[in-house]
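Chemist: Sharing a structure here in C-alpha cells format.
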Amino acid sequence: MSHETTRDVETRRADTGLYGSWRTLLAGGVLIALLGVAAIVFPFVTGLSISIFLGAALVVGAVVHGAHAFTAEGWRGSMWQIVLGVVYLLAGVALLVNPVVGLLSLTLLLIAYFLVDGIVEIALGLRLRGEPRWGWLVASGAISVVLAALLWADFPTSAVWAVGLLFGISLLTTGVSMAMVAMTGRDEATATDTAASARGA
C-alpha cells in the first residue's frame, strides 16, 4: 500500500495549474463579464469610450514616433518617423475632439472585417466540402456576411450601438469562459484535497 507524502500532494497541486489561482481567475472573469453586461446595456457610451481611448493611444504613438525621429539613422528614417508622428497626431486629436467620427470609422472597419471574414470562411468551407462539419464554416461565414450587410444597411445609425454592443458581447463571453476555467480549477483543487485527506486518514 503506497502512502502519499506532503511533497507528493504539493506536486500534484502544482500540476493542476489552477490550484491556487482559480479564485483570482473567477473574480477576474466575473468582473469582465459584468463590464461586458454594462457595455451591452450602454453601447453608445462604450463606443465613445473606445473611440476616445483610441484617440489617446494615437497621440501617444505620435509622441513615440516623434522621439524616434531624433534617434533614427539618416534623414530618410527621421522624415518617415516625423510623417508617421504627424499622421498619428492628427488622427488622435480628431478622435479626441470628435469621438463620434471615430465611432463611425470603427463601424466601417467592423463592416469591412465581417464582410472579408465571411467571404473567406465561405470560400474555405466550400473548398472543404465533403469534410466533416464543413457546413458549419459556411454557416459562420454566411452569418458574418449578413451581419456586415445589416450594419451597412443601417449605417450611420448602426454606429450608435454596433461597436459598443459587439465589444460588450466579447467581454461577456471572455468573462464567462474565464469563470468556467476557474470552476474547473476549483473542482481539480477540491478533488486533490479530498484525495490527500483520504490518504492521510
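Think of each number as a place in line: the chain as shown, counted from 1.
A Cβ is built for glycine as well, from the same backbone N, Cα and C atoms used for every other residue.
Not my notes, these are from TrEMBL:
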TRANSMEM  21-42  transmembrane segment
TRANSMEM  48-67  transmembrane segment
TRANSMEM  79-97  transmembrane segment
TRANSMEM  103-124  transmembrane segment
TRANSMEM  136-153  transmembrane segment
TRANSMEM  159-182  transmembrane segment
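Could you place these features in context, so I can see how deep they sit and what lies close by?
Modeler: Remote same-chain partners of the transmembrane segment (103-124), defined as residues 6 or more beyond its termini with a Cβ less than 8 Å from a stretch Cβ, comprise 47-48, 50-51, 54, 137-138, 140-148, 151-152, 155-156, 158-160, 162-163, 166.
Within its own chain, the transmembrane segment (136-153) is flanked in space by residues 107, 110-112, 114-115, 117-126, 128, 162, which lie at least six positions past its ends and keep a Cβ under 8 Å from the stretch.
Non-local neighbours of the transmembrane segment (159-182) in the same chain are 18, 22-23, 25-26, 28-47, 50-51, 100, 103-104, 106-107, 110, 151; each lies 6+ residues outside the stretch with a CB under 8 Å from one of its CB atoms.
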